[in-house]
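Taken from TrEMBL, the feature repeat 'TPR' applies to 10-43, 78-111, 112-145, 248-281. Positions annotated as domain 'Sulfotransferase' by TrEMBL: 359-548.
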Amino acid sequence: MSVPNPEAEALSLHEKAENYLAEGKLEKAIAFYQKAIQLNPRFSWSHHKLGDAFSQLERWDDARSAYQKAIAVNSGFFWSYNNLGNTLIKQGDWSAAIEVYQKAISLDTNFPWCYYNLGNAYSYIGEWEKSIDAYLTAFQLDDNLPDLDEKLGNALAGYCQGNLDNIIEHLTILPSFQDITIYQKLADNLASKDYWLAAIILYHKVLAIEPKNPEILPKLNQAWERQRELEHQLNIHNQIVKQHPDSYDAYYRLGNALFKVGKWHQAIEAYLRSMELKPNLPPWLYKDLWTLLKAEGRLGEVVDLYQKAIVKNPKSCELYINLGEVFAQQGNLEAAINCNVQATAIKFNQELTNPQLSPKFIIIGTQKGGTTSLYYYLEKHPQTALSVIKEIEFWSRKFDRGIDWYLSHFCTIPQADRVMTGEATPSYLDCQSVAERLFNCYPDMKLIVMLRNPIDRAISHYYHWVNIGWESRDLSTAIASEINRFKQGNRQIWDCPHSYLARGIYVEFLKHWLSIFPKDNFLILKSEDLYNSPDNTLRRVHQFLGLADYSLETYPKYNSRFYPDVAELWRYKLGEFYEPYNQALEDLLEVKFGWNSG
């Protein structure tokens, strides 16, 4: 049946799709965009917006196709190239992304995110000089882009690979900006985060442009001093490895030390040796390794490593999970799912023939707030069968892996009506995209939030990173650096996944969650109540979930560590920083937490 005026009807369908997209009804939006395109395939905006809808669902193949069709219809529209580039980045197609971003930049030279993402793509393939140039241009346009200074620091480290002998040669790749404050600000930012190698290069660049600058020489001398300290620490770790050649921890910390001084190729070898000695450690511990292995095409080595470990220990749940994670990073989701299912079968001692249960509850936060203890307390309840691992991270970092990958982490017990399953990923609370994604799939999900005094949370977070070798600054330097950046307006809380301070601004995160889920879906608990009265707190959790009350004989504190006393000055400064946010949180929830009183 022909339509009398197909273009007008297509426009009407497109407008309906726009409304559905604005309401977050993505599947309906997609259906109406597709109907509009059938009637008028020459309207590029429908193709483009279809790509946007697919992107929100992280259906990257479909998004890529839609943006490419939009470009075929209208080759002069900047945003289709930009969004296609973002999609290609998500797919790991770095070379194609570079080509697309370059085309986008030819259409608009003033959009900083294009240069930022172009720098990321060049970094992934190890083209450091081009990456540095892209990041510097992005910084000129917008110096508040998330983690931009760290990315530039890593690119500079990758370029010189820890070799500062010929500093003049390194300076030639940096353009001589008329405004030297660009380099000075970047160098100061990097120095405040212990990126001493990159800071040295940039301070030298400032002096090359303005030799008599009185502020720079003391900063440069300090940077050299700190870089020498890192080199000294590296020598110590090399000696420890020689003394303890079978210690996974010695090789792990050697890898961290090598990475800090920019010797990435040697860091890879140290990390791989650590992994070989103790292959059941969680992959997230090697946070710097995976990008390096991808860039060098060496993920297959880790697959071989885990497969050999499984031959020696075929009943290890952790080894299958780790192997599955590497398969997922390779894009082999079928193999990843099979590994997760095998791990689940081992953990629950079950057959593989039943479908996975769907989770009924999630502990969404907060990090360093007692979520591990609550997870393991709930795991002991006879009516629960929790996810095979804590912190799946599906709804945040790994959404593109698909729902089948997510469900492969849950058990296949056939008596589903008598067993409740759930998971705990505390980083969900402060990831902006999680709430909407989760609501679209599970609008009845029960959500448990543990909130700890943000002063204690920040300090615990800091010492946790010190313990695993990710932080080398002293506490006062780390906290002062973050407070200063917030005061300067350079921090947006949703863009600070690694921030000690931002993760304690609970009110902003919960405002967002409560705008999507009904309040009745939440159980919000003080972490201090779980520590001080675990039996009563767990009883509240059981009641919220509809479980029979079940007390444990003991309540050990998981992941609990002692750390040095913190000077009252810094507790005061943190309290001063958090006071308005804590008050706003109490007003929002109509609950008294008492954190502002001491």
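Each position is counted from 1, following the chain as shown.
Note: Cβ is positioned from N, Cα and C throughout, glycine not excepted.
Sorting each residue of the repeat 'TPR' (78-111) by its DSSP state yields 28 helix, 0 strand, 6 coil. Within the same chain, residues 82, 85-86, 89, 92, 94-95, 97-98, 101-102, 104-105, 151-152, 154-156, 158-159, 173-175, 177, 182, 185-186, 291, 294-296, 489-490, 492 sit at least 6 positions outside the repeat 'TPR' (112-145) and bring their C-beta atoms closer than 8 Å to a C-beta of that stretch. Mean model confidence for the repeat 'TPR' (248-281) is a pLDDT of 94. Counting residues per DSSP class in helix, strand and coil order gives 27 helix, 0 strand, 7 coil for the repeat 'TPR' (10-43).
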